[in-house]
Amino acid sequence: MSDVHSLWMAAAGGGTASIPAPQIEYGQLSPMLIVFGAAVLGILAEAFLPRRLRWGTQVTLALAGLAAAFVAVLVLANDGYGTTKSGLIAMGSVALDGPALFLQGVILLAGVLAVLLYAERRLDPRVDGVPLDAFTAQGAAAPGGEQEKQAAKAGFASTEVYPLTLFAIGGMLLFPAANDLLTMFVALEVFSLPLYLLCALARRRRLLSQEAAVKYFLLGSFASAFFLFGSALLYGYAGSFRLPDIHDVIAGTAPATPALASSTQNDVLLLVGLAMVAVGLFFKVGAVPFHSWTPDVYQGAPTPVTGFMAAATKVAAFGALLRLFYVAFPGLRWDWRPVMWAVAILTMVVGAILAVTQQDVKRLLAYSSIAHAGFILTGVIASNRQGVGAVLFYLLAYTFVTLGAFAVVTLVRDSKGEATHLSSWAGLGRRSPLLAAVFALFLLSFAGIPLTAGFTGKFAVFQAAAAGGATPLVIIGVLSSAVAAFFYIRVIVLMFFSDPQPNGPAVAIPSAFTSTAISLGVIATVGLGVLPQYFLDLASKAAMFSGH
Amino acid sequence: MSALLTATCAVPAAGAVLTAALPAGSSESRRRATKAVALTVSAATLALAGLVAAQFKTGGPRYQLTEQHAWIRSFGISFSLGVDGIGAVLLLLTAVLVPLVMLASWHDPTPGTGDSVTGAPAPEGQTFESKRRTQAFFALILAVEAMVIVSFLATDVFLFYVFFEAMLIPLYFLIGGFGDRAGGPESDRQRSYAAVKFLLYNLLGGLVMLAAVIGLYVVAQGQGFGTFDLQTLTGAIADGKLVINTNAERALFLGFFFAFAVKAPLWPLHTWLPNAMGEATAGTAVLITAVVDKVGTFAMLRFCLGLFPDASRFFAPAILVLSVIGIVYGALLAVGQKDIKRLVAYASISHFGFIILGIFAMTSQGQSGATLYMVNHGISTALLMLVAGFLISRRGSRLIADFGGVQKVAPVLAGTFLVGGLATLSLPGLAPFVSEFLVLVGTFTRYPALGIVATLGIVLAALYVLVLYQRTMTGPVKPQVAGMADLKARELLVAVPLIALTLVFGVYPKPLTDLVNPAVADTLSQVHKTDPAPAHPVAVPAGGETK
């Protein structure tokens, strides 16, 4: 009885019965609020606007919302949040600091590029005067059924993908900024649920797309459950969901809530809880052995969505992983350091080796993204400030290269839609030298060839890891880079030195949307490779978490 | 601070971009304009390189005309250039060879016209060929030139690494995209294989070096030297302010050396070279073996010895044994080759053995000889390979057995081929003799046994060169060779300067040794090695020995 009583007392603020009204700093939360606001407006537009106006409205609304949110991030950064001052907002559940703002900026840029790819409607020829995009006419219609045909004939379009994406982006903005485990979980769900839906909405090969969505949903739910259960155990250990409080209890500088005196300081709770929370996050970043969903989902989802997931999800999840390990569990005590090492090594090696055998471009990029998650993990393990800066920079570089590469994939098409089988890419360099050269640039950047963004990022994380005493990881990373280089180069060989198939795919002429996205990708890949200093400075200045 | 060195790097780089951007088209006039632009750019580069050599003062500090611009401050990386005597001669070699390679490759990238001399029709499957082949070929050559020049001039370890690694990409496309079209689809496959093998070998070497570069930075940063600046680092190491513990130094040395040994190439890491040189055009093969591979041996001198002196001394005996194996192995395999280009490739492997032997014998004669050897091997191999290329393009075959009696139908061609061959076997009076002699003298003074085994390489060189000449040029005229044309004006323009250089440096190598010796003396002082007291004065004064 007394235990329960004191728990109530504790929750109520140590005996006084007053519950303070929450203080919300709307201005400092504005990036998220703008994106969520735009998403809500998008839902309203979906409900009330006539069909013919929806596409234009949604694209404009999404781009305007993302741009406004990006401006808000810049304004906050200009006010010194993230470099000179940082703080906790929304009753201490959201952190406003350098890593959060930097990653929010990256996620918003990824969102802009993704929306540009969504809006592409010139790749397929019009049917009955209706322009087609990458999404199915009506998600609820059974694939191949009568209803689907009618929907297509009527010129329906799944314009709800825009508000769904905005909701996902909103959740992703919150995820790396979440300062307590519950907020983190809410953010995780807010960005995951729209992604499950988006995966199922491909126009072509709908069964594959729906299968991908179901797999992603089932495995993602497991991961969420792990995360939630782990959070509960950590609460049992520390008596708080807030990351800085957990840190204080581990460090022994703060007493735990008296009500939980029997369970606090119980290392079993701590270790099992941490492991489960980490599993949830490892799943989202696609680290081995929690990676098995990646190739299937990447292959089945509509390619613009794949690009968006590959870039933005990884950014958000690594942001949360960084915050978890740097704010709540700094120093990576020997208890979990070996596990982190094992995960990083497995991720690099398995990703690189399995990619060698792939025959499908999207699956190849999926395994490549797994290998890259391993490289980024070496930066996380560095557990120094350089490591945070390096991971931030890597994520920035990786976002542009990934979205650019998937944008190129949308353009190589045959009569059945995108031609993703590698054999049909043979000889592309002889037919469309420019496009093949652009894709080769992205692949070289993935492979980490100097003067590309990928090299700078890889150098930064490996350098931080070596400085953090993880030299064996660097050596394994370098060796898996050599394996990875093999399959990137295999694609280049195929494009430039093989003879084209007689009835191989053609390269569609994109509209300004996709062209802009690809151009931005190229500019960033070369720019971050040749003149990275400004962004390295930015990332390194931003690499400071607000603790308390 | 003058910007001469930056200009020397920037002119070919800008030229590459310009050449690539020239209007496409299959008309002869468009192609001719492209080639004229590329050749002009390479001539301008040669002029700049000449200016650098003219401004270089042999009595001055080791690195001259230095420039430094901040690049990536977060990692202590700067765009710093500086030229020393070794860099100067290799810069000149590059600048001289590239225009000649371009002239020799004048018709190589022409699409769809088949063999440039016999006028045979293009093989099937070439209809997809891009109209930009000519632009691409010459732009890639200029890109390689620019990157090689940066590597020779870089005084920042990271800057060097970046261009050392990045030059693989244009080379990869040169090997894989352009080759002799003798073999049809099978040769396409072979060429693609050669290009991938080249890239993977060198990329692996480069990545291992990347780990070592990072390791060096971490170690140096830990002691307050958060920089990649070569002079700062070597200075600190020499003064004992920067102390790398023995195991770390050995590991870092091996990381750097592995990359350079793949590039050089040192036995047993050489196997990519015969493939690459066999399948690429003769011009590309010259670019690889005469210019790009020199970056590897050059970097051993500048980076391995300068940054890791103790580890260099520790590993020197093992490396010497490998290089002597390479000398004999390369020569033996050259004797057994049926393919002219692969024969030259194995001969080069043997010669790279000599260069590395000279570097790690750690005597001033050995290292001066090795540096001269880099230049002379470049000139003699370029002559032999380019003339071989002319020969091969006339016959449409690389097999030695397909030739015979060429000297009766094309005496000038046969004569230039003979000069190239004699230079390759180090005939006294021709340039390579001086350097080979110096390397052997430098080796004998410290490792007599290795010197004796290495001499075997000279004997075998006489064998493979003379047998090659005998089988292809002498004897009865084969029917397919009967109508062979002799060298044309363009081809003579390629061969004559190379022959002239071979003769001049064979008789009077002093301009080169004067440039090279101070830098060699400085390198030796970095590794704390002095020459063994010579019993007799040597042929070329070795410059300032260190006490």
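Glycine is treated like the rest: Cβ placed from N, Cα and C.
Taken verbatim from TrEMBL:
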- B:532-547: compositional bias 'Low complexity' (COMPBIAS)
- B:154-459: domain 'NADH:quinone oxidoreductase/Mrp antiporter transmembrane' (DOMAIN)
- B:528-547: region 'Disordered' (REGION)
- B:35-54: transmembrane segment (TRANSMEM)
- B:75-102: transmembrane segment (TRANSMEM)
- B:136-164: transmembrane segment (TRANSMEM)
- B:199-220: transmembrane segment (TRANSMEM)
- B:251-273: transmembrane segment (TRANSMEM)
- B:285-308: transmembrane segment (TRANSMEM)
- B:314-336: transmembrane segment (TRANSMEM)
- B:343-362: transmembrane segment (TRANSMEM)
- B:374-392: transmembrane segment (TRANSMEM)
- B:412-435: transmembrane segment (TRANSMEM)
- B:447-469: transmembrane segment (TRANSMEM)
- B:489-508: transmembrane segment (TRANSMEM)
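Below 8 angstroms of C-beta separation, residues 344, 347, 351, 358, 369-370, 372-373, 375-377, 379-381, 383-385, 387-388, 390-391, 406, 458, 461-462, 465-466, 468-469, 472-473, 484, 486-487, 491-492, 495, 498-499, 501-507, 509, 539-540 of the same chain, each at least six residues beyond the ends of the transmembrane segment (B:412-435), sit close to that stretch. Between the transmembrane segment (B:251-273) and the transmembrane segment (B:374-392), the number of CB pairs under 8 angstroms, six or more residues apart, is fewer than three, so the stretches are not in contact. Beyond its flanks by at least six residues, the transmembrane segment (B:343-362) meets 261, 264-267, 270, 273-274, 276-278, 285, 289, 293, 297, 300-301, 305, 312-313, 316, 319-320, 322-331, 333-334, 337, 369-370, 373-374, 377, 381, 384-385, 388, 400, 424, 435-436, 438-439, 442-443, 446-447, 450, 454, 457, 460-461, 464-465, 468, 524, 527, 529 of its own chain at Cβ-Cβ distances under 8 Å. Under the criterion of 3 or more C-beta pairs below 8 Å, with sequence separation of 6 or more, the transmembrane segment (B:489-508) and the transmembrane segment (B:374-392) qualify as touching. Long-range neighbours of the transmembrane segment (B:285-308) within the same chain, counting only residues 6 or more positions beyond its ends whose Cβ lies under 8 Å from a Cβ of the stretch, are 84, 86-87, 90, 93-94, 97-98, 101, 104, 141, 144-145, 148, 151-152, 157, 160, 164, 167, 171, 174-175, 216, 230, 233-234, 237, 244, 249-250, 252-253, 256-257, 259-265, 273, 276-278, 341, 344-345, 348, 352, 355-356, 359-360, 367, 370-371, 374, 377-379, 381-382, 385-386, 389, 523, 526-527.
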